[in-house]
Amino acid sequence: MSNWLVDKLIPSIMRSEVKKSSVPEGLWHKCPSCEAVLYRPELEKTLDVCPKCNHHMRIGARARIDIFLDAEGRAELGADLEPVDRLKFRDGKKYKDRLTAAQKQTGEKDALISMSGTLMGMPIVVSAFEFSFMGGSMGAIVGERFVRAANYALENRCPMVCFSASGGARMQEALISLMQMAKTSAVLARLREEGIPFISVLTDPVYGGVSASLAMLGDVIVGEPKALIGFAGPRVIEQTVREKLPEGFQRSEFLLEHGAIDLIISRGELRPRLARLLAQMTGQQTPEEAREAAAVA
């Protein structure tokens with residue numbers, strides 16, 4: 001073997017391999033919209049919103065709650081509840097096995113997390129869908145956790161906010177999942193009767209039984225920028241009506257323009273703007289007014 005091969009080429013290859021292995025996985029992320037390559041720690045500072053094109057990337061339920069609620073005083077509701085395969089359902093795979101796989105992938109027991117806490121000092125209860133858990137589909141546990149959050153709002157007379165991200169009802173639970181549409185709608189009717197605010201935040205995507213029930217029953221309905229919102233997907237509708245749909249059909253901007261939602265708020269502004277809105281809806285001081293009053297005192 002020549003000295004050149006031993007002295008130059010082999011060490012060069014070894015240095016290259018060491019350099020490759022020293023770069024942690026997941027350190028870089030490509031924006032699915034503009035394809036910009038983004039440094040993960042910097043992306044976290046923008047709450048997973050692309051700084052180049054403002055694309056709002058999908059984030060998990062706990063991440064949403066973490067960036068929305070105050071850090072102190074949180075308590076999870078219904079964390080002990082776990083889904084059960086009562087129908088012994090099987091399509092290409094047993095439902096029980098699908099649940100096990102989803103739980104292992106996400107670290108969650110089901111597709112909704114409910115938590116009480118405070119928003120800029122204001123008592124509140126929040127629910128958030130975990131889209132990575134079987135597409136955020138709504139089954140018995142999702143419905144029950146949502147109802148427990150609403151009942152907490154009723155008992156404590158505090159506002160409720162829900163972040164929806166779902167493909168709809170969970171087909172593996174058949175009529176049990178469809179019943180959750182009525183169940184969640186009924187408890188929201190009680191909130192309205194009691195004059196307790198419910199704000200629905202629609203994130204990408206919201207479809208099916210969730211969009212046809214709780215997601216569209218907010219006193220105020222907010223969409224994140226360019227979120228997909230509808231009942232059936234655009235391709236299904238086009239195949240049914242045999243017509244080309246308008247540009248941006250089912251995007252939050254299209255829905256706002258046609259009066260289906262009330263506001264579009266960027267992720268970084270959700271916390272302060274919803275705090276002000278809820279303070280006005282409940283007759284409390286806004287965070288700004290509270291700070292001014294404290295400064296004067």
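Glycine is treated like the rest: Cβ placed from N, Cα and C.
The structure displayed is predicted, hence computed values, not measured ones.
According to Swiss-Prot, the domain 'CoA carboxyltransferase N-terminal' annotation covers 27-296, on the basis of sequence analysis.
Marked as Zn(2+) binding site by Swiss-Prot: Cys31, Cys34, Cys50, Cys53. Look at Cys31 (Zn(2+) binding site): DSSP puts it in coil.
If you look up Swiss-Prot, you'll see 31-53 marked as zinc finger. Looking at the zinc finger (31-53) alone, the prediction's average pLDDT is 95.
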Review point. Which residues of the same chain, at least 6 past either end of the zinc finger (31-53), have a Cβ under 8 Å from a Cβ in it?
Key: 59, 63, 67, 266-268
Revision key, fill the gap. Filtered by Cβ under 8 Å and at least 6 apart in sequence, the residues in the chain of Cys34 (Zn(2+) binding site) near it are Cys50, Lys52, Cys53, His55
Review point. Within 10 Å of the Cβ of Cys53 (Zn(2+) binding site), how many other Cβ atoms are there?
Key: 12
Study note, to complete from the structure: Other C-beta atoms within 10 angstroms of the C-beta of Cys50 (Zn(2+) binding site) total 20
